[in-house]
Every structure is written in C-alpha cells, then in structure tokens.
Amino acid sequence: MTSLNLNFRVSVVLVILLSIAFIFINSGFDLEYIIPRRLIKLSAIIIGGSCVAISAVIFQALARNRILTPSIMGYESIYLVWQALLLLFVGTSGSAVLGVVGNFVVSAVLILLYSFVIQFWVLKRFQHDMHQVLLIGFVLTMVLTTVAQFIQIRISPGEFSIFQGLSYTSFERAKPSTLLFAGTVLSILALFANKWVSELDVIGLGRDQAMSLGLNDAHYIPKYFSVIAILVAISTSLIGPTAFMGVFIANIAYSITGSPQYRHTLPVACTIAIVMFLTAQLMVEHFFNYKTTVSILVNVLCGGYFLIITMRARSQL
C-alpha cells in the first residue's frame with residue numbers, strides 16, 4: 001500500500017469516526033429530533049465541504065496560484081449584497097417570506113447570473129490573460145463588498161444581527177429539500193470532474209504546455225469557470241460564505257498527497273474539508289457552546305496547519 005493510498009484511507013476513517021461522534025455525542029439517542037437534525041447538518045457539512053474543496057483546487061489550477069480561491073472573483077460578495085438588499089427593502093420579514101429554500105434558490109441563481117456576466121464580459125476579452133481576469137475579479141469583489149457594507153449602515157441593529165448570521169459559515173440553515181438538490185448537482189458535477197481530471201493535470205503544467213499538448217484555453221477556461229461557479233453557488237447558498245478556507249484546505253491536500261495528479265488531490269481535499277468542518281462544528285457545539293463560529297475555528301485550524309507546513313518547507317530549502 002502506497003503512502004498516498006494510506007493517507008487517503010486514514011482521512012476517510014477519520015471522517016467516519018468524526019461523523020459518528022458528531023451524530024451521537026450528547027444525543028441521548030433521540031431519534032425524533034436530535035439525531036435527524038444532526039444528520040441534516042452532517043449532510044450539509046459533506047456537501048458544502050466537497051464543493052469548497054473541489055472549487056478551490058480547480059480554481060487554483062486555472063489561476064496557477066495556490067493562494068487564491070474563487071471568492072476573489074466576487075461570487076460570495078454578490079451573496080452578501082443580496083442578503084443586505086433583502087433586509088434593507090423587505091426587513092426581517094423577507095427571510096420569512098422567501099423561507100430557507102427560497103433564499104437558497106434565489107441566492108444560487110444570482111451567483112450563477114453573476115458568473116455568466118463574468119464569463120461573457122471578462123473571460124471573452126481576457127481569456128488569454130488570467131492575471132487580468134483575476135485583477136478584474138478582485139476589483140469587483142472590493143466594489144461589491146463596499147456596496148454590502150454601505151447597505152449595512154442603513155439597516156437597523158436587529159436586521160444587522162441577522163445579516164451577520166448570514167455572513168458566517170453555518171450548517172444550521174440546511175433543509176432536506178435544499179440538500180437533495182445540492183447533492184444531486186454535486187454528484188453530476190463529480191461525474192464530469194472524474195472524466196476531466198486528466199485535463200486538470202495538463203492545465204496544471206501551465207498555459208503554454210497545455211496548448212502544446214492540444215488543450216485550447218478558449219474551450220477549457222469557460223468550462224471550468226462554469227463548474228466553479230455552480231459549486232460556489234451551491235456552497236454559499238447552502239452554508240454561507242467560506243472566504244479563504246479553500247486556500248488552507250487545498251494546500252493541506254497538496255502537502256498530504258505530494259502528487260501533481262488531481263485525481264489524488266481532489267478526493268483528499270474533500271475529506272480534509274469535511275474533517276475540518278466536522279471538527280469545528282463539534283467544538284462550536286460541545287466546547288464553546290455556540291459562543292464562536294465555524295468560520296473562525298476553521299481558519300484557526302487550517303491556518304495553523306498551513307503555517308506549520310510552510311515553515312517546514314522553508315526550512316528544507
């Protein structure tokens with residue numbers, strides 16, 4: 001058994017053990033409410049974590065940069081602007097009118113529409129200059145974030161507290177209907193990703209090498225940006241913004257696999273994301289008693305590990 005297979009199997013076993021602990025710790029074996037509710041949250045963790053991991057790894061392959069995530073393109077900022085506008089014009093009753101499912105659908109559709117605008121406006125003009133695409137995405141992110149902050153100033157304190165809750169990663173908002181839809185879409189995309197994974201290996205070599213091997217960037221860049229947009233739309237609408245968690249998750253996966261092949265990196269990245277989310281959720285529920293958020297804990301856990309492996313790599317130079 002190779003060390004790569006061993007690492008993946010260990011991560012899968014860790015996911016299983018953490019899932020069992022998450023479901024049954026302090027549950028009282030309540031099959032009517034507690035355990036079903038935790039199963040829903042566990043499903044959200046698995047789906048959301050997989051979306052975050054896959055989108056981050058694919059985006060870094062396209063950008064040829066391991067310190068960036070899709071959030072730099074402004075996808076999550078659109079979500080925040082929408083939530084702020086909903087509270088500004090409709091108030092707290094807006095969430096009640098739309099409901100969790102309605103908000104999920106509208107948020108996902110808006111993110112996808114924004115991604116299509118990016119593709120037709122930016123990618124068609126600058127598809128041969130990825131740095132220009134990233135720069136425009138960064139500027140759009142700053143503009144949209146500023147718009148969201150401007151709207152926050154105009155809403156009431158009660159509405160602001162609701163907005164703050166929506167701006168953090170949370171698994172409490174998941175519903176069976178949204179999970180079914182998100183899981184179906186993720187499964188379909190996973191099948192396509194499995195067929196395209198050899199292309200990612202070539203893309204990871206660089207644009208010139210990819211073109212010399214027969215890959216046209218005019219074809220694969222829009223395709224993969226569409227996949228990324230769908231994954232980000234699902235994860236953001238389902239569990240909220242994840243900001244730069246994907247940076248830590250993807251880089252930890254690279255360090256564990258030590259392989260340039262994405263058929264190894266993608267599954268490991270998914271298991272790492274699930275482990276991080278499960279660990280953070282367990283700590284939020286049973287250690288911090290909901291006095292902190294999953295986002296903070298995941299950034300601390302992943303950031304700490306990422307710093308350690310960076311220092312180790314530096315010391316080996």
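Along the chain as shown, the residues are counted starting at 1.
Cβ atoms here come from the backbone N, Cα and C positions, even for glycine.
Here Swiss-Prot flags 10-30, 39-59, 72-92, 98-118, 133-153, 177-197, 228-248, 268-288, 291-311 as transmembrane segment, drawing on sequence analysis.
Counting Cβ pairs under 8 Å to the transmembrane segment (10-30), the top-ranked stretch among 39-59, 228-248, 268-288 is 268-288. The stretch with the most CB contacts under 8 Å to the transmembrane segment (228-248), chosen from 98-118, 133-153, 291-311, is 98-118.
Outside the transmembrane segment (72-92), and at least 6 residues removed from its termini, the chain residues within Cβ reach (under 8 Å) are 98, 103, 106-107, 110-111, 114-115, 118, 134, 137-138, 140-141, 144-145, 147-148, 151-152, 154-155, 158-159, 162-163, 166-167, 229, 232-233, 236-237, 240-243.
For the transmembrane segment (133-153), the residues of the chain that approach it from at least six positions outside its boundaries are 63, 65, 68, 71-74, 77-78, 80-81, 84-85, 87-88, 118, 122-123, 126-127, 160, 163, judged by C-beta separation under 8 angstroms.
Counting Cβ pairs closer than 8 Å to the transmembrane segment (268-288), the top stretch among 39-59, 98-118, 177-197 is 39-59.
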